[in-house]
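**Q** Residues or ranges marked as active site, proton acceptor by Swiss-Prot: D46. If you look up Swiss-Prot, you'll see D46, G47, N116, E117, D146, A154, T157, A158, Y159, N160, L161, S162, N218 marked as NAD(+) binding site.
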Amino acid sequence: MKDTSLALHFVSSGTKESLSAQKDLVERYGHVAAEDADIIVALGGDGTMLQALRDFMNTGKPIYGMNRGSVGFLMNEFVIENLPERILAAQMETIRPLVMVAETEDAPPVEALAINEVSLFRQSYQAARIRITIDGKVRLQELVCDGVMVATPAGSTAYNLSAQGPILPLEAPLLALTPVSPFRPRRWGGALLPKHVTVRMDLLETEKRPVNAVADNNEVKSVTSVTVREAPNSQVTILFDKNHSWDERILTEQFRH
């Protein structure tokens, strides 16, 4: 007999493991169209969760993830039993994405949302040269580096963490501005920014030092400038098991050795 206390819509990464999990869960709890669902259940890794967060942005439908992938920082443990009870007891967190506007020499500006980060990285062996402006004021005249990123709290445990950036609580009203392999200023380790600021990154010597920009998985090649800010009218809700909340996850990650 199916448990129909919650109307669930399941999405999966398409791997054998996630499809098998989806089949078992649908048999037990049923499956409805996304527009009729109370909750979206994502099965896979963090990539699957990011796609679900993008797909269901501004729909008002919370997303509960279960790990059937290789990386699952945004996912809960996969357990078939008592899924509706776990969902109803889960902790809700609001995710607000960034909006990137990337400009190039010979094409219209490209706008894209990023839940994790907007990153710039060098296209060739030549280091990038980037001028960084915050709310109209130049804060760094020239950053020589392999790249630089603006990360959200949700994205602070991803590429940002690999680049030695800070981990941010989800509710923190902050963004992380983190360089990748900075050469000059050599000791500049990045900055924490109020979430309401607008960050502009202008590329210097673009013909000699081409740079690509990426908003999560949306790439724009050979950019001349990139503007990043929090998207003013976009949000989505993610659910975490209470015994494995975001706060617990970031504490565990910071004391991992």
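Cβ coordinates are placed from backbone N, Cα and C, and glycine is handled just like the others.
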**Q** Return only the integer: C-alpha distance in Å from L161 (NAD(+) binding site) to D46 (active site, proton acceptor).
**A** 15
**Q** Determine the most Cβ-crowded residue among the binding-site residues N116, T157, N218, using a 10 Å radius around each Cβ and all protein chains in the structure.
**A** N116
**Q** A 10 Å Cβ contact count, applied to the recorded positions D46, D146, Y159, L161: which residue has the minimum?
**A** D146
**Q** To the nearest whole angstrom, what is the C-alpha distance linking N218 (NAD(+) binding site) and the residue listed as 'active site, proton acceptor'?
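**A** Their Cα atoms are separated by 16 Å.
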**Q** Let me know the largest Cα to Cα distance in Å among the NAD(+)-binding residues D46, G47, N116, E117, D146, A154, T157, A158, Y159, N160, L161, S162, N218, as an integer.
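**A** Taking every pair of listed residues, the largest Cα separation comes to 25 Å.
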**Q** For the C-alpha pair, I'd like the distance in angstrom between D46 (active site, proton acceptor) and T157 (NAD(+) binding site), rounded off.
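**A** On Cα coordinates alone, these residues lie 11 Å apart.
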